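Student: To start, I am sharing the structure in question, which I have written as structure tokens.
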């Protein structure tokens, strides 16, 4: 196990994704489904898209903690993220959002049909 601490939480998150899924798959999340990346509307298209929605919702619940900039300590071991900060602290809560997302991705399969989709066609009006 190794404890990792970056200066910004977004780098913690990016490192975890790249470590477990490789850079290609991690970066494909920037344009996947209706919720991964910069979007966030309608119903998720599949399990991976649901993971992204749940992660967005989790960040929304810890917004006062500045989840994209609040650094935290974690260990990476056997394809698992172990948060090192107190679970009730801002750092611990942000880490748990990212850990839950990584765990969710482990339990779902990427569907290439949901990558780089037309958001107007596939996402809008699906509420």
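The backbone N, Cα and C atoms fix where each Cβ goes, and this holds for glycine too.
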Student: Look at the Ca(2+) binding annotation in TrEMBL, where 35, 37 are given, and name the residue from 46, 56 listed for that site too.
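Tutor: Given 35, 37 bind Ca(2+) in TrEMBL, the matching entry from 46, 56 is 56.
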Student: Of the recorded positions 35, 65, 83, 90, 95, which sits closest to residue 52 (disulfide bond) by Cα distance?
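Tutor: Closest recorded candidate to residue 52 (disulfide bond) by Cα: 35.
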Student: Going by DSSP, how much of the domain 'Phospholipase A2-like central' (9-124) is helix, how much is strand and how much is coil, in residues?
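Tutor: Final tally across the stretch: 65 helix, 11 strand, 40 coil.
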Student: Other than 35, 37, 56, which residues of the chain come within 8 Å of the Ca(2+) site, judged by Cβ distance to the Cβ centroid of those residues?
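Tutor: Close Cβ neighbours, site residues excluded: 33, 34, 36, 38, 39, 40, 49, 52, 53, 55.
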Student: Using a 10 Å cut-off on Cβ-Cβ distances across all protein chains shown, tell me which of the recorded positions (56, 98) has the largest neighbour count.
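Tutor: Most Cβ neighbours within 10 Å: 98.
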